[in-house]
């Protein structure tokens, strides 16, 4: 067969380079990966014979279209236009304003339709020459003034008539009465007595404030007028008193809030200059027999999102909507998850831009540049060795085309990232250069999920993912009588029941579900089941997975208590930091100490290990290796409720063979452990979340599959066990979550030994001794600063700091037991509040910052505390403005309208729960209303008085909608 000429190879090479221009492939430069893409994706598109990869690479090199440096290939740079599609942003029309991007909330006032925003502007506007003025006037109709605690503050608001005709001032009244604010005048206007205001005249109205609480006290005040022959009109002002401690003032906004106005909708032309990737010391002997595709999204999908809904039945939006709204079933499994994952990726492209940096310097360190990235230590953004970002010169921001320098991550230390850029940039680098930086995200999790969704039905998993019955076949001929590894499991009826059903395999081919509410020993039960399978079936091969490294490490640690390390192999991802691997896990993980790198042994070398432990995404490596059918007899997934369904399926499709009485009688057991009432996966795409990606496999089965439905007699123990004994929380802390989420079935375990859960029942700070709960009411202000869209509330931080001081300074006295900072956790749903609380504790407050080990006190979001517990939990809810509640619901923020987040937050505490928040705002949510009523009934409420607002006073927006503003 004749060989291809260089010209012919060049032609195919050009086609391959064009093929790589797809957004999901264009950043790839590793020679080995490019070879795989060429062989497995490009060449297989048609049956036409094509040159080898080495031939086209040679042709591109000699024609100066590519450069090869070792294992890295750099193709000639091409111009491209960058467009992103935000699914939170609707296309503009003449009558509506686009919804903000996630985290990109409006700059002032609550989110509202344009008509309502215009109404507020009209409400505060002077009319007919009448103006409202005071010494504390601020923009947008705001009057803000400082007050000191327990001292009356008085100032004057002047109603001035600058017009040519008299007007009548009928009344001055707040739309909602506030006990701190009162309004007085000589002629009784504040009591409804009319007053004629002649041209050039002014009338003073006194505003008085007296408060014994720090906070933010705001009333919207309406001045009602009439003028003949024009009729009545109104002018409004927002009058707010602010009582602050020095700490609160210090923690206030560092700069006025100015929302980040990203030019995301403006297509730009860029040229990419490739960088220098780190040298890979990875030893990968694990086979790659099943290819991993790139799974790019179609460009037309992005266009569909940008165009938005269309009324035409044959529009691309309607076609997409039809698939999204179709019930998930085996016939559309691949197509639906393919679409959901594409939508997720398109939104990820938008969201990663929140971390863009502008006008930032870098420092040269030999051949690398060092960049400070705030938040990288918390994976905000996530930056790992081998990832890449893009940097461009700030001075060339308006140039077209714009040169983007691709920088590969060589290492991450705290908040400093080491980057390898092209020699071209390094030659022009000087210390005073400023850069604009754009981050990227790792597509590997998306790729393995795409493959899993595609393989699921190919591998016959419909009876696993859509189970309808059991084969009624036990793995035991007689009665299973276990020798328990953990005696506490033996004493717990539900845990014992779950283990027995898992080991006998009576649910197969249907998965077995462990429904584990907070503190009920879900992971303990799962680990005992794994140990029993390992002990009872000498030919069993077990894959144990979890969504995160920390959860997978915990499985490994607990298994090692009874199983020798020679049977267990913990496979870490290549990006995992070895310093973070627990010491007792290191001897059985895939780190090669002599080579100082992770290794991935061949299937042959993995065979002696009967238990493999990985994260769900890393299980994709095992799928690529193509183990023989039936190799893994059991797959266990802990914390399954945290993962999107395709992520869980990564550990199933291609690894677990469906149980079959004839061909696979002893295998096919899938066990899922989790709690559908706690936080599930958090997709970035609102479309994907709404249509199934926000529901875990565990939750879908429990919600929509008859085998896992709860009857009057409870759950069918052949398929699911709900654990009932709570070992974590004091019964008072458990009561409300138990009622709201668990049908009041949970029982607080009471052992004979001294119980840590009772340690704070006699603490002097408790409003009611014996009830270790405090709800401290605060009337604060939702604030933002600079370009951060996240909210904070300094009034709540003050209270949190005061309680911390009492807990950590009164140890062993006044009923307060000895406690270390690491036994205390502080939860807040907003990133900026978390940052401000940390700043107060470690830097601003002189008492707390001087305490030893104060850095071990964890402050974080609800998501960061899921699966964890602390002796004491403090919660700062932040929200004090009911007008933002719809925003929280839209963007899945905060506690309100998010019962799962509330459930997780309340159930982290063992012995003491302190909640700080605005009761009037929180009570608008039915779940919070129940908790507040419980605190008040039990005498556990203190702080700012809590009075439920009447429905008619629920919203400023409602008032604006009903007002007659006049002209």
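Backbone N, Cα and C define each Cβ position, glycine as well.
Under the heading region 'Disordered', Swiss-Prot lists 85-117.
Annotated compositional bias 'Low complexity' per Swiss-Prot: 98-107, in sequence order.
The ATP binding site annotation in Swiss-Prot covers 516, 517, 518, 519, 520, 521, 522, 523, and the record cites similarity to another entry as its basis. Listed in sequence order, the residues of the same chain lying 6 or more apart from residue 521 (ATP binding site) and placing their CB within less than 8 Å of its CB are 488, 489, 492, 495, 723, 725, 727.
Residues or ranges marked as motif 'DEAG box' by Swiss-Prot: 638-641. For the motif 'DEAG box' (638-641), same-chain residues at least 6 beyond its ends with a Cβ under 8 Å from one of its own Cβ atoms are 522-523, 526, 544-548, 551, 555, 648, 672-676, 678-680, 696-699, 867.
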Where residue 520 (ATP binding site) falls in three-state DSSP terms: coil
Cβ-based neighbourhood (8 Å from the centroid) of the ATP site, residues 516, 517, 518, 519, 520, 521, 522, 523 excluded: 675, 723, 726, 728
Entry from the binding-site residues list 520, 523 having the most other CB atoms no farther than 10 A: 520
Helix, strand and coil totals (DSSP H, G, I; E, B; other) for the motif 'DEAG box' (638-641): 2 helix, 0 strand, 2 coil
